[in-house]
């Protein structure tokens, strides 16, 4: 009958439903058979909707095309199977029967939108007061099924279209195959959930694979459309966020490619030859044609394909392209074959499966026969007997999404079960509170479900309604002319990849590279190319720098140097002057000889202490001088010994003390001679402080100044050891060494020796002043020669010591120079002042006798005559004065102090 509608009551999407108003009314006026001609209806207490691509897209003007046996029939039968299992389960929705209303989307989003309006009919309030039929009777409306939730759809484009309608009526939707990332937008698709992971997870898995294989320079290839472009976009975004992967170029395959288009794409990919890895989000046909083009251009083994789930483990894309596809890594959502469904589906016949309105069509397609009035009218097709059996008389393999269809139905069932437990506690069947199910409330229960699915894996949803990502990773391998997709790993929020099981072209197990630049060697940093972070030049970390990370070098701490590969720092070896070193052997040898000689002289002097020569040399000051000489030799051992606090303390004390002893004694001697002869020129009165006791007091007073300075040094800067890393910090870190030494700077050393050098210089001045003393009284001349030689030694010491401050051998040179200089100074004093005396004492004892006893008056007379004859002496060689000067002196027997004079070795 014909009816004219004037008004439709208000609803949440009035502006949208107005356009469909007449279509809905037409649908509602159909007879029962007409209404369900393209749907499956199973009655129940709670009705679930289902959307499946039973047919493919039709040609222009025709909404539906050929039957899709696997993606259509297998999947909708999986929903019916799940409904049967739930209704038989006494522990799940007990005494509540689930019914279904399954529609065909015909793989077209617009057609699916029209079909899905059936699900919202019961939620649209109708005002029929102004609606009249042609005969004036009120219209009769068929009561539509009230849909509580929808299972589907398959294609993302269909799910997007349907989700926009269902959300307006608050009908929860669970998809079993839609993977578009945009469906994760909970603000736009808040009532949409899915038991399959979104392509963003797949993209994440592919990024992880690329990273695990060390590929940082890749190209992307997408089929034009939502699936390909969204997948590549997700891959690009994730790779940009985590860093480390650069996109060399992104190519798109047009929906309607021109001839030669695929060859052009391959040539463009070859423009960046280092980007061998190609990320593919493309449909099956595009994958096949890309492989054909690569084969045509003879690029076997060059490209490293990373395929999405549209490639998966399919044979069709690689058929007759095996060599070009070898090594391809593909990804596929983890799934399992459900044995219970296999038994169920194989048992389906025309007799026991009348609820499936498309099963007769499937039967004809599957067995290649015709069914009477429903059969195909082609005469050459055999007639169906009805005795055919699935898997026996036809090939059968469970479709890959069957598991997810079952899990989607069970997710809805568990949500309803939990809702019933809370809203109808203890109530058998539906309670009044669940007669009308609040879709928003049901959505909350759906998002909260957590159960083991049909394959034994957990089924859960996140806050966006997405299922966790679980993927199997395959590699296409060729072994002994046989091919296979071998599982090489899996991905469940993180990658587990068996790299050792991977095989590449030419049966190699070492995975090839897809990088813009080769990795830098250890100890080299990356200097990235501007704008291309995956391309770089390698620069070596020089000097004492080590590689901190890929991009930077840093200076090692002062006490460390780079290790052999410059990836870290290691302690610099600590060295000290060893006893066996040539730098130590020479000064030690000299010191030992000097100590032996000094000891021999001391023993000789002690043994012959009362002989004229020993007495005439000034015994008291001689022993002080010999002590200083002994200390000068001994300091060598302290300077070479391993430094510690005690050794450093002794070094400070004895470093200048030996020289101070020596030169204080010599200075006192030369000063005494000078004062005596100067006084003798003026008067016959003896100068003050020329007695032995006075001489000792003067000497030790001079020495005490040195000791006082050392004491102040101890207080201001207590002795301790240091490790000097700057002394031997060579240009080559391998030769760098830390020097263990006492904390005595060059300045401190000069200050310590400075006082002794001052005494030495003063003594030299007095030696020069007394150089003209008559030979009878002249011990001043040997002292003078001693001081001249000593000055030369120390003048040579200064440039050698300070000129090696920047040398890597500084410690050795300075220590050896200092110890040898002190030993040579001591040797000069010992050799010139005491060896002649010892020689006479040992080998010429007849000369070690008292010749004359002279008074100070004799000295005065000698001094006076010496001053008178000095000018005459200037006319003689070397200013010598005749020895008869001494013979004219008369003996004075007064009580004044006398001096013993040896004509061979005079001393005062």
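A Cβ is built for glycine as well, from the same backbone N, Cα and C atoms used for every other residue.
The following features are taken from Swiss-Prot:
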{"type": "BINDING", "residues": "156, 177, 178, 179, 227, 309, 401", "note": "L-glutamate binding site"}
{"type": "CROSSLNK", "residues": "882", "note": "SUMO1 cross-link"}
{"type": "DISULFID", "residues": "64-106", "note": "disulfide bond"}
{"type": "DISULFID", "residues": "246-534", "note": "disulfide bond"}
{"type": "DISULFID", "residues": "369-384", "note": "disulfide bond"}
{"type": "DISULFID", "residues": "424-431", "note": "disulfide bond"}
{"type": "DISULFID", "residues": "516-535", "note": "disulfide bond"}
{"type": "DISULFID", "residues": "520-538", "note": "disulfide bond"}
{"type": "DISULFID", "residues": "541-553", "note": "disulfide bond"}
{"type": "DISULFID", "residues": "556-569", "note": "disulfide bond"}
{"type": "CARBOHYD", "residues": "95", "note": "N-linked glycosylation site"}
{"type": "CARBOHYD", "residues": "298", "note": "N-linked glycosylation site"}
{"type": "CARBOHYD", "residues": "452", "note": "N-linked glycosylation site"}
{"type": "CARBOHYD", "residues": "480", "note": "N-linked glycosylation site"}
{"type": "CARBOHYD", "residues": "565", "note": "N-linked glycosylation site"}
{"type": "SIGNAL", "residues": "1-33", "note": "signal peptide"}
{"type": "TOPO_DOM", "residues": "34-583", "note": "topological domain 'Extracellular'"}
{"type": "TOPO_DOM", "residues": "609-620", "note": "topological domain 'Cytoplasmic'"}
{"type": "TOPO_DOM", "residues": "642-647", "note": "topological domain 'Extracellular'"}
{"type": "TOPO_DOM", "residues": "669-695", "note": "topological domain 'Cytoplasmic'"}
{"type": "TOPO_DOM", "residues": "717-746", "note": "topological domain 'Extracellular'"}
{"type": "TOPO_DOM", "residues": "769-781", "note": "topological domain 'Cytoplasmic'"}
{"type": "TOPO_DOM", "residues": "804-818", "note": "topological domain 'Extracellular'"}
{"type": "TOPO_DOM", "residues": "844-908", "note": "topological domain 'Cytoplasmic'"}
{"type": "TRANSMEM", "residues": "584-608", "note": "transmembrane segment"}
{"type": "TRANSMEM", "residues": "621-641", "note": "transmembrane segment"}
{"type": "TRANSMEM", "residues": "648-668", "note": "transmembrane segment"}
{"type": "TRANSMEM", "residues": "696-716", "note": "transmembrane segment"}
{"type": "TRANSMEM", "residues": "747-768", "note": "transmembrane segment"}
{"type": "TRANSMEM", "residues": "782-803", "note": "transmembrane segment"}
{"type": "TRANSMEM", "residues": "819-843", "note": "transmembrane segment"}
Out of these disulfide-bonded residues, 64, 431, which one has the fewest other C-beta atoms within 10 Å of its own C-beta?
431
Most CB pairs under 8 Å with the transmembrane segment (782-803): which of 621-641, 648-668, 696-716?
648-668
Recorded stretch, among 584-608, 621-641, 696-716, 747-768, 819-843, maximising Cβ pairs under 8 Å relative to the transmembrane segment (648-668):
621-641
Sorted by position, what residues of the same chain at least six away from residue 569 (disulfide bond) have a C-beta under 8 A from it?
546, 556, 557, 560, 561, 562, 563
Take the C-alpha atoms of residue 309 (L-glutamate binding site) and residue 384 (disulfide bond) and report the distance between them in angstrom, rounded.
37
Sort the residues of the topological domain 'Extracellular' (717-746) into helix, strand and coil with DSSP and give the three counts.
4 helix, 14 strand, 12 coil
When the Cα of residue 179 (L-glutamate binding site) is compared with the Cα of each of the recorded positions 384, 516, 520, 553, 565, which one is closest?
516
May I have the list of same-chain residues other than 156, 177, 178, 179, 227, 309, 401 whose Cβ is within 8 Å of the Cβ centroid of the recorded L-glutamate site, in sequence order?
154, 155, 175, 180, 196, 199
Just checking, which of 95, 156, 480, 565 (recorded positions) has the fewest C-beta atoms within 10 Å of its C-beta?
480
Just report the maximum Cα pair distance in Å for the recorded L-glutamate binders 156, 177, 178, 179, 227, 309, 401, no decimals.
17
Tertiary contacts of the topological domain 'Extracellular' (642-647) (same chain, 6+ residues out, Cβ under 8 Å):
576, 719-721, 740-742
Distance from residue 156 (L-glutamate binding site) back to residue 64 (disulfide bond), taken between C-alpha atoms, in Å:
18
When the number of other CB atoms within 10 A of each residue's CB is tallied over all shown chains, which of the disulfide-bonded residues 106, 520, 538, 556 has the maximum?
106
At least three Cβ pairs under 8 Å linking the transmembrane segment (621-641) and the transmembrane segment (747-768), pairs spaced 6 or more in sequence?
no
Quick one: Cα separation, residue 384 (disulfide bond) versus residue 452 (N-linked glycosylation site), in Å?
41
Going by DSSP, is residue 246 (disulfide bond) part of a helix, a strand, or coil?
strand
